[in-house]
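Remarks on the structure that follows.
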Amino acid sequence: MEERSVLMERYVIGRQLGQGTFGKVYYARNLSSGQSVAIKMIDKEKILKVGLMEQIKREISIMRLVRHPNVLQLFEVMATKSNIYFALEYAKGGELFHKMARAKLNEESARNYFQQLISAMDYCHSRGVYHRDLKPENLLLDENETLKVSDFGLSALAESRRQDGLLHTACGTPAYVAPEVLSRKGYSGSKADVWSCGVILFVLVANYLPFHDRNIIQMYRKIAKAEYRCPRHFSAELKELLYGILDPDPSTRMSISRIKRSAWYRKPIAISALNNETGKKSCTSEAPFSGPTICISSERNQEPPNLHNLNAFDIISLSTGFDLSGLFGERYGRRESLFTSRKPAAAVLVKLKELAKALNLKVTKTDNGVLKLATTKEGRKGRLELDAEVSEVAPFLLVELKKTNGDTLEYQRMMKEDIRPSLKDIIWTWQGDQQ
(Lines of atoms letter the chains of each structure in order from A and count residues from 1; the text may use other names and numbers.)
(Lines give C-alpha, C1' and ligand atoms only; values in the text may rest on other atoms or scores of the structure.)
Protein backbone atom coordinates (compact mmCIF):
# COMPACT_ATOMS: atom_id res chain seq x y z
CA MET A 1 0.00 0.00 0.00
CA GLU A 2 1.55 3.30 -1.11
CA GLU A 3 1.88 6.17 1.34
CA ARG A 4 -0.85 8.80 1.07
CA SER A 5 -3.17 6.43 -0.84
CA VAL A 6 -6.90 6.55 -0.14
CA LEU A 7 -8.78 3.44 1.00
CA MET A 8 -12.40 3.01 -0.06
CA GLU A 9 -12.67 6.79 -0.49
CA ARG A 10 -12.84 6.99 3.32
CA TYR A 11 -9.33 6.83 4.77
CA VAL A 12 -6.06 8.55 3.86
CA ILE A 13 -3.33 5.99 4.51
CA GLY A 14 -0.10 7.16 6.12
CA ARG A 15 2.97 5.51 7.61
CA GLN A 16 3.29 1.83 8.42
CA LEU A 17 2.96 1.10 12.15
CA GLY A 18 3.75 -2.59 12.17
CA GLN A 19 3.91 -5.82 10.22
CA GLY A 20 2.97 -9.41 10.95
CA THR A 21 2.86 -12.76 9.21
CA PHE A 22 -0.45 -12.11 7.48
CA GLY A 23 -0.54 -8.37 6.97
CA LYS A 24 0.44 -4.86 7.95
CA VAL A 25 -0.89 -2.04 10.13
CA TYR A 26 -0.98 1.57 8.93
CA TYR A 27 -1.75 4.91 10.47
CA ALA A 28 -4.71 6.51 8.68
CA ARG A 29 -7.08 9.46 8.91
CA ASN A 30 -10.82 9.41 8.34
CA LEU A 31 -11.55 11.82 5.49
CA SER A 32 -14.96 12.92 6.78
CA SER A 33 -14.24 13.25 10.51
CA GLY A 34 -10.47 13.75 10.56
CA GLN A 35 -10.20 11.06 13.24
CA SER A 36 -6.92 9.13 13.49
CA VAL A 37 -7.31 5.36 13.12
CA ALA A 38 -5.17 2.28 12.61
CA ILE A 39 -5.86 0.27 9.47
CA LYS A 40 -5.06 -3.43 9.84
CA MET A 41 -4.61 -4.91 6.36
CA ILE A 42 -4.82 -8.71 6.10
CA ASP A 43 -3.83 -10.67 2.99
CA LYS A 44 -6.77 -12.93 2.08
CA GLU A 45 -4.65 -15.40 0.12
CA LYS A 46 -2.25 -15.97 3.02
CA ILE A 47 -4.96 -16.64 5.59
CA LEU A 48 -6.86 -18.92 3.20
CA LYS A 49 -3.72 -21.00 2.60
CA VAL A 50 -3.29 -21.70 6.31
CA GLY A 51 -7.01 -22.01 7.06
CA LEU A 52 -7.33 -18.94 9.27
CA MET A 53 -10.41 -17.39 7.65
CA GLU A 54 -12.65 -18.64 10.47
CA GLN A 55 -10.30 -17.12 13.03
CA ILE A 56 -10.50 -13.75 11.25
CA LYS A 57 -14.31 -13.99 11.21
CA ARG A 58 -14.21 -14.83 14.91
CA GLU A 59 -12.05 -11.79 15.65
CA ILE A 60 -14.53 -9.57 13.82
CA SER A 61 -17.54 -11.00 15.68
CA ILE A 62 -15.76 -10.71 19.04
CA MET A 63 -14.63 -7.13 18.53
CA ARG A 64 -18.17 -6.16 17.59
CA LEU A 65 -19.49 -7.90 20.69
CA VAL A 66 -16.98 -6.27 23.06
CA ARG A 67 -17.14 -2.49 23.44
CA HIS A 68 -15.35 -1.12 26.49
CA PRO A 69 -13.06 1.88 27.20
CA ASN A 70 -10.14 -0.51 27.76
CA VAL A 71 -10.67 -2.68 24.68
CA LEU A 72 -9.34 -1.50 21.32
CA GLN A 73 -12.40 -0.46 19.33
CA LEU A 74 -13.28 -1.77 15.88
CA PHE A 75 -14.96 0.96 13.83
CA GLU A 76 -15.61 -0.91 10.60
CA VAL A 77 -14.50 -3.80 8.37
CA MET A 78 -13.88 -3.42 4.64
CA ALA A 79 -12.74 -5.87 1.99
CA THR A 80 -11.45 -6.08 -1.57
CA LYS A 81 -10.71 -9.16 -3.66
CA SER A 82 -7.24 -9.44 -2.17
CA ASN A 83 -7.39 -7.88 1.31
CA ILE A 84 -9.49 -7.46 4.46
CA TYR A 85 -9.22 -4.10 6.25
CA PHE A 86 -9.98 -3.38 9.90
CA ALA A 87 -10.45 0.28 10.86
CA LEU A 88 -9.38 0.30 14.51
CA GLU A 89 -9.00 2.81 17.29
CA TYR A 90 -5.50 4.32 17.08
CA ALA A 91 -3.43 3.69 20.22
CA LYS A 92 -0.88 6.48 19.95
CA GLY A 93 1.08 5.38 23.03
CA GLY A 94 2.08 2.05 21.47
CA GLU A 95 2.64 -1.23 23.31
CA LEU A 96 2.80 -1.42 27.08
CA PHE A 97 5.64 -3.87 26.37
CA HIS A 98 7.81 -1.03 25.04
CA LYS A 99 7.00 1.23 27.98
CA MET A 100 8.07 -1.51 30.38
CA ALA A 101 11.32 -1.97 28.46
CA ARG A 102 12.18 1.72 28.90
CA ALA A 103 11.49 2.06 32.62
CA LYS A 104 10.39 0.09 35.66
CA LEU A 105 6.97 0.76 37.12
CA ASN A 106 6.31 1.29 40.80
CA GLU A 107 3.34 -0.49 42.39
CA GLU A 108 1.09 2.56 42.11
CA SER A 109 1.63 2.86 38.35
CA ALA A 110 1.32 -0.90 37.89
CA ARG A 111 -1.95 -0.85 39.82
CA ASN A 112 -3.31 1.77 37.42
CA TYR A 113 -2.74 -0.49 34.40
CA PHE A 114 -3.77 -3.66 36.24
CA GLN A 115 -7.10 -2.18 37.32
CA GLN A 116 -7.86 -1.24 33.73
CA LEU A 117 -6.87 -4.73 32.53
CA ILE A 118 -9.07 -6.42 35.13
CA SER A 119 -11.98 -4.12 34.29
CA ALA A 120 -11.66 -5.02 30.59
CA MET A 121 -11.47 -8.75 31.31
CA ASP A 122 -14.40 -8.60 33.72
CA TYR A 123 -16.47 -6.99 30.97
CA CYS A 124 -15.32 -9.47 28.30
CA HIS A 125 -16.05 -12.48 30.50
CA SER A 126 -19.54 -11.13 31.26
CA ARG A 127 -20.13 -11.26 27.48
CA GLY A 128 -18.84 -14.83 27.23
CA VAL A 129 -15.55 -13.76 25.61
CA TYR A 130 -12.15 -15.04 26.79
CA HIS A 131 -8.95 -13.57 25.38
CA ARG A 132 -6.56 -16.54 25.84
CA ASP A 133 -3.45 -14.65 24.68
CA LEU A 134 -2.96 -11.88 27.22
CA LYS A 135 0.60 -10.51 27.32
CA PRO A 136 2.18 -7.03 27.38
CA GLU A 137 2.54 -7.01 23.58
CA ASN A 138 -1.26 -7.19 23.30
CA LEU A 139 -1.79 -4.30 25.70
CA LEU A 140 -1.67 -0.89 24.02
CA LEU A 141 -1.77 2.66 25.37
CA ASP A 142 -3.45 5.73 23.97
CA GLU A 143 -2.11 9.27 24.33
CA ASN A 144 -3.72 9.53 27.79
CA GLU A 145 -2.07 6.35 29.14
CA THR A 146 -5.40 4.52 28.87
CA LEU A 147 -4.90 0.78 28.50
CA LYS A 148 -6.34 -0.89 25.38
CA VAL A 149 -6.57 -4.68 25.15
CA SER A 150 -5.98 -5.79 21.55
CA ASP A 151 -5.58 -8.86 19.34
CA PHE A 152 -8.62 -11.04 19.90
CA GLY A 153 -7.53 -13.46 17.16
CA LEU A 154 -7.17 -16.34 19.62
CA SER A 155 -10.22 -15.47 21.68
CA ALA A 156 -12.90 -18.02 22.40
CA LEU A 157 -16.60 -17.36 22.72
CA ALA A 158 -18.64 -19.21 25.33
CA GLU A 159 -20.38 -21.00 22.45
CA SER A 160 -17.11 -22.78 21.57
CA ARG A 161 -17.15 -24.82 24.77
CA ARG A 162 -17.76 -28.56 24.70
CA GLN A 163 -20.52 -30.28 26.65
CA ASP A 164 -18.37 -30.27 29.80
CA GLY A 165 -18.48 -26.46 29.72
CA LEU A 166 -14.72 -26.17 29.24
CA LEU A 167 -12.46 -24.91 26.46
CA HIS A 168 -10.05 -27.43 24.94
CA THR A 169 -7.68 -25.57 22.60
CA ALA A 170 -4.23 -24.62 23.88
CA CYS A 171 -3.61 -21.00 22.92
CA GLY A 172 -1.36 -18.17 23.95
CA THR A 173 2.28 -17.48 24.71
CA PRO A 174 3.81 -20.17 27.02
CA ALA A 175 5.28 -17.79 29.60
CA TYR A 176 1.85 -16.22 30.23
CA VAL A 177 -0.33 -19.33 29.86
CA ALA A 178 -2.06 -21.09 32.76
CA PRO A 179 -0.86 -24.61 33.73
CA GLU A 180 -4.21 -26.23 32.91
CA VAL A 181 -3.99 -24.83 29.36
CA LEU A 182 -0.46 -26.19 28.86
CA SER A 183 -1.65 -29.61 30.06
CA ARG A 184 -4.12 -29.59 27.14
CA LYS A 185 -6.98 -30.51 29.43
CA GLY A 186 -10.31 -28.73 29.48
CA TYR A 187 -10.08 -25.36 31.16
CA SER A 188 -12.14 -22.35 32.17
CA GLY A 189 -11.45 -19.39 29.88
CA SER A 190 -11.99 -16.90 32.69
CA LYS A 191 -9.63 -18.72 35.08
CA ALA A 192 -6.97 -18.96 32.36
CA ASP A 193 -7.22 -15.22 31.63
CA VAL A 194 -6.90 -14.46 35.36
CA TRP A 195 -3.63 -16.42 35.48
CA SER A 196 -2.28 -14.43 32.51
CA CYS A 197 -3.29 -11.19 34.25
CA GLY A 198 -1.29 -12.34 37.27
CA VAL A 199 1.83 -12.96 35.19
CA ILE A 200 1.42 -9.53 33.60
CA LEU A 201 1.09 -7.92 37.04
CA PHE A 202 4.28 -9.64 38.20
CA VAL A 203 6.13 -8.42 35.09
CA LEU A 204 4.81 -4.87 35.50
CA VAL A 205 6.40 -4.54 38.94
CA ALA A 206 9.39 -6.91 38.73
CA ASN A 207 10.34 -6.20 35.08
CA TYR A 208 10.99 -9.89 34.46
CA LEU A 209 8.95 -13.07 34.12
CA PRO A 210 7.97 -15.13 37.18
CA PHE A 211 8.41 -18.38 35.22
CA HIS A 212 11.50 -18.30 33.04
CA ASP A 213 13.95 -20.95 31.94
CA ARG A 214 16.00 -21.48 28.79
CA ASN A 215 14.77 -25.06 28.80
CA ILE A 216 11.12 -24.91 27.73
CA ILE A 217 10.31 -28.17 29.56
CA GLN A 218 11.72 -26.76 32.80
CA MET A 219 9.69 -23.59 32.30
CA TYR A 220 6.54 -25.70 31.87
CA ARG A 221 7.34 -27.51 35.12
CA LYS A 222 7.76 -24.21 36.97
CA ILE A 223 4.41 -23.02 35.62
CA ALA A 224 2.69 -26.30 36.56
CA LYS A 225 3.91 -25.99 40.16
CA ALA A 226 3.72 -22.18 40.31
CA GLU A 227 7.39 -22.01 41.29
CA TYR A 228 8.36 -18.36 41.42
CA ARG A 229 9.99 -15.91 43.81
CA CYS A 230 8.90 -12.33 44.38
CA PRO A 231 11.54 -9.57 44.55
CA ARG A 232 12.17 -8.07 47.97
CA HIS A 233 10.62 -4.74 47.03
CA PHE A 234 7.17 -6.30 46.47
CA SER A 235 4.73 -5.21 49.18
CA ALA A 236 3.11 -7.85 51.38
CA GLU A 237 -0.30 -7.03 49.89
CA LEU A 238 1.00 -7.52 46.34
CA LYS A 239 2.60 -10.85 47.26
CA GLU A 240 -0.66 -12.02 48.80
CA LEU A 241 -2.60 -11.06 45.67
CA LEU A 242 -0.13 -12.82 43.35
CA TYR A 243 -0.25 -15.92 45.56
CA GLY A 244 -4.01 -16.07 45.03
CA ILE A 245 -3.87 -15.42 41.29
CA LEU A 246 -0.90 -17.65 40.41
CA ASP A 247 -2.54 -20.68 41.98
CA PRO A 248 -1.90 -23.77 39.80
CA ASP A 249 -5.27 -25.18 40.85
CA PRO A 250 -7.93 -23.30 38.84
CA SER A 251 -10.66 -24.38 41.28
CA THR A 252 -9.05 -22.35 44.09
CA ARG A 253 -7.51 -19.59 41.96
CA MET A 254 -8.81 -16.10 42.68
CA SER A 255 -11.75 -14.93 40.61
CA ILE A 256 -11.97 -11.40 39.23
CA SER A 257 -14.51 -10.46 41.90
CA ARG A 258 -12.07 -11.59 44.62
CA ILE A 259 -9.23 -9.69 42.94
CA LYS A 260 -11.33 -6.53 43.06
CA ARG A 261 -11.89 -7.03 46.78
CA SER A 262 -8.20 -7.55 47.55
CA ALA A 263 -6.38 -4.96 49.66
CA TRP A 264 -3.73 -4.21 47.01
CA TYR A 265 -6.26 -3.72 44.21
CA ARG A 266 -8.52 -1.44 46.24
CA LYS A 267 -5.80 1.07 47.12
CA PRO A 268 -6.63 4.49 45.60
CA ILE A 269 -4.44 5.84 42.81
CA ALA A 270 -3.02 9.33 43.06
CA ILE A 271 -4.12 11.37 40.04
CA SER A 272 -0.48 12.46 39.61
CA ALA A 273 0.41 8.86 38.79
CA LEU A 274 -1.72 9.11 35.65
CA ASN A 275 -0.64 12.60 34.63
CA ASN A 276 3.08 12.33 35.34
CA GLU A 277 4.01 8.71 34.66
CA THR A 278 5.35 9.14 31.14
CA GLY A 279 9.01 10.04 31.11
CA LYS A 280 9.20 10.69 34.86
CA LYS A 281 10.62 7.34 36.02
CA SER A 282 14.39 6.97 35.77
CA CYS A 283 14.80 3.30 36.69
CA THR A 284 16.43 1.23 33.96
CA SER A 285 15.15 -2.13 32.75
CA GLU A 286 17.65 -4.96 33.04
CA ALA A 287 15.60 -8.14 32.85
CA PRO A 288 13.74 -9.82 29.97
CA PHE A 289 10.00 -10.27 30.15
CA SER A 290 9.09 -11.54 26.68
CA GLY A 291 8.22 -15.23 26.63
CA PRO A 292 9.35 -17.97 23.92
CA THR A 293 -4.46 -8.50 25.20
CA ILE A 294 -11.37 -0.28 32.06
CA CYS A 295 -13.63 2.00 33.40
CA ILE A 296 -11.69 1.53 36.65
CA SER A 297 -12.46 -0.22 39.89
CA SER A 298 -15.45 1.31 41.64
CA GLU A 299 -14.29 0.02 45.00
CA ARG A 300 -12.07 2.85 46.22
CA ASN A 301 -12.55 4.29 49.68
CA GLN A 302 -13.43 7.97 49.52
CA GLU A 303 -14.36 10.67 51.98
CA PRO A 304 -18.09 11.33 52.60
CA PRO A 305 -20.40 11.38 50.77
CA ASN A 306 -18.46 8.32 49.62
CA LEU A 307 -18.24 9.27 45.94
CA HIS A 308 -15.87 7.54 43.57
CA ASN A 309 -13.09 9.75 42.19
CA LEU A 310 -12.63 8.94 38.49
CA ASN A 311 -9.87 9.76 36.05
CA ALA A 312 -9.75 10.37 32.31
CA PHE A 313 -10.06 6.74 31.24
CA ASP A 314 -13.25 6.30 33.29
CA ILE A 315 -15.16 8.94 31.36
CA ILE A 316 -13.93 8.26 27.83
CA SER A 317 -17.16 6.38 27.08
CA LEU A 318 -19.14 9.56 27.74
CA SER A 319 -17.72 11.15 24.61
CA THR A 320 -20.12 11.10 21.66
CA GLY A 321 -17.21 10.11 19.46
CA PHE A 322 -16.74 6.91 21.42
CA ASP A 323 -20.42 5.97 21.53
CA LEU A 324 -20.19 3.17 18.96
CA SER A 325 -23.52 1.52 19.68
CA GLY A 326 -24.99 3.00 16.50
CA LEU A 327 -22.51 0.98 14.44
CA PHE A 328 -23.91 -2.28 15.72
CA GLY A 329 -27.63 -1.60 15.91
CA GLU A 330 -27.95 -1.61 19.70
CA ARG A 331 -28.64 2.04 20.40
CA TYR A 332 -31.98 1.30 22.03
CA GLY A 333 -30.93 -1.87 23.86
CA ARG A 334 -28.87 -0.28 26.60
CA ARG A 335 -29.20 -1.41 30.19
CA GLU A 336 -27.44 1.63 31.63
CA SER A 337 -27.58 5.40 31.23
CA LEU A 338 -24.94 7.99 32.05
CA PHE A 339 -25.21 11.71 32.59
CA THR A 340 -23.10 14.48 34.09
CA SER A 341 -24.24 17.15 36.52
CA ARG A 342 -22.76 20.39 37.81
CA LYS A 343 -24.94 20.32 40.91
CA PRO A 344 -23.43 19.45 44.33
CA ALA A 345 -23.37 15.77 45.24
CA ALA A 346 -25.88 16.29 48.05
CA ALA A 347 -28.33 17.94 45.63
CA VAL A 348 -28.00 15.07 43.14
CA LEU A 349 -28.63 12.46 45.85
CA VAL A 350 -31.65 14.37 47.16
CA LYS A 351 -33.06 14.58 43.62
CA LEU A 352 -32.60 10.84 43.11
CA LYS A 353 -34.45 10.10 46.37
CA GLU A 354 -37.25 12.49 45.39
CA LEU A 355 -37.50 10.69 42.06
CA ALA A 356 -37.75 7.32 43.81
CA LYS A 357 -40.53 8.61 46.05
CA ALA A 358 -42.47 10.04 43.11
CA LEU A 359 -42.22 6.74 41.20
CA ASN A 360 -42.98 4.67 44.31
CA LEU A 361 -39.58 2.96 44.19
CA LYS A 362 -38.05 1.25 47.20
CA VAL A 363 -34.66 2.79 48.07
CA THR A 364 -31.71 1.17 49.84
CA LYS A 365 -28.13 2.41 50.14
CA THR A 366 -25.07 0.15 50.02
CA ASP A 367 -21.84 0.63 51.93
CA ASN A 368 -20.04 1.99 48.86
CA GLY A 369 -22.61 4.73 48.29
CA VAL A 370 -24.70 3.13 45.53
CA LEU A 371 -28.44 3.78 45.69
CA LYS A 372 -30.49 0.69 44.86
CA LEU A 373 -33.94 1.44 43.45
CA ALA A 374 -36.66 -1.17 42.94
CA THR A 375 -40.30 -1.19 41.86
CA THR A 376 -42.81 -2.56 44.33
CA LYS A 377 -44.81 -4.38 41.65
CA GLU A 378 -43.74 -7.32 39.50
CA GLY A 379 -43.09 -6.65 35.82
CA ARG A 380 -42.70 -8.99 32.84
CA LYS A 381 -39.45 -10.37 34.24
CA GLY A 382 -39.88 -9.72 37.93
CA ARG A 383 -39.31 -6.46 39.76
CA LEU A 384 -37.43 -3.77 37.89
CA GLU A 385 -34.28 -2.90 39.84
CA LEU A 386 -31.55 -0.39 39.10
CA ASP A 387 -28.43 1.01 40.73
CA ALA A 388 -27.74 4.75 40.86
CA GLU A 389 -24.06 5.52 41.35
CA VAL A 390 -22.62 9.03 41.68
CA SER A 391 -18.91 9.57 40.94
CA GLU A 392 -16.85 12.71 41.31
CA VAL A 393 -15.08 13.84 38.11
CA ALA A 394 -13.89 17.39 38.74
CA PRO A 395 -15.41 19.82 37.96
CA PHE A 396 -18.65 17.82 37.60
CA LEU A 397 -20.36 14.65 38.80
CA LEU A 398 -20.94 11.51 36.77
CA VAL A 399 -24.18 9.62 37.45
CA GLU A 400 -24.70 6.08 36.20
CA LEU A 401 -28.12 4.42 36.23
CA LYS A 402 -27.83 0.70 35.57
CA LYS A 403 -30.56 -1.93 35.33
CA THR A 404 -29.71 -4.92 37.54
CA ASN A 405 -32.96 -6.87 37.27
CA GLY A 406 -36.18 -6.91 35.29
CA ASP A 407 -37.21 -6.29 31.71
CA THR A 408 -34.96 -4.08 29.56
CA LEU A 409 -37.87 -2.61 27.59
CA GLU A 410 -39.64 -1.63 30.83
CA TYR A 411 -36.40 -0.02 32.01
CA GLN A 412 -36.03 1.90 28.74
CA ARG A 413 -39.64 3.10 28.94
CA MET A 414 -39.24 4.25 32.55
CA MET A 415 -35.98 5.99 31.67
CA LYS A 416 -37.51 7.84 28.71
CA GLU A 417 -40.92 8.72 30.16
CA ASP A 418 -40.23 9.17 33.88
CA ILE A 419 -36.63 9.25 35.04
CA ARG A 420 -34.93 11.52 32.51
CA PRO A 421 -37.70 14.16 32.46
CA SER A 422 -37.73 14.21 36.28
CA LEU A 423 -33.97 14.76 36.45
CA LYS A 424 -33.76 17.49 33.78
CA ASP A 425 -32.95 20.16 36.39
CA ILE A 426 -29.72 18.45 37.42
CA ILE A 427 -28.58 17.03 34.05
CA TRP A 428 -25.71 18.83 32.34
CA THR A 429 -24.95 16.33 29.53
CA TRP A 430 -26.52 12.96 28.71
CA GLN A 431 -24.51 10.18 27.10
CA GLY A 432 -25.23 9.85 23.39
CA ASP A 433 -26.71 13.33 22.95
CA GLN A 434 -25.05 15.40 20.26
CA GLN A 435 -22.97 18.21 21.67
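Heads up, the Cβ atoms here are built off N, Cα and C, so glycines get one too.
Worth saying up front: this structure is predicted, and the values here are computed from it rather than measured.
Swiss-Prot lists Leu17, Gly18, Gln19, Gly20, Thr21, Phe22, Gly23, Lys24, Val25 as binding ATP, and of Lys40, Lys44 the one it places in that same site is Lys40.
Ranges compared are 94-123, 214-243, 334-363, and Swiss-Prot records region 'PPI' for 334-363. Segment annotation: Swiss-Prot labels region 'Activation loop' over residues 151-180 (candidates 61-90, 151-180, 181-210).
Asp133 (active site, proton acceptor) has a Cβ environment of 20 other Cβ atoms inside 10 Å. Per DSSP, the secondary structure of the region 'PPI' (334-363) breaks down as 14 helix, 9 strand, 7 coil. In the predicted model, the domain 'NAF' (283-329) shows an average pLDDT of 35.
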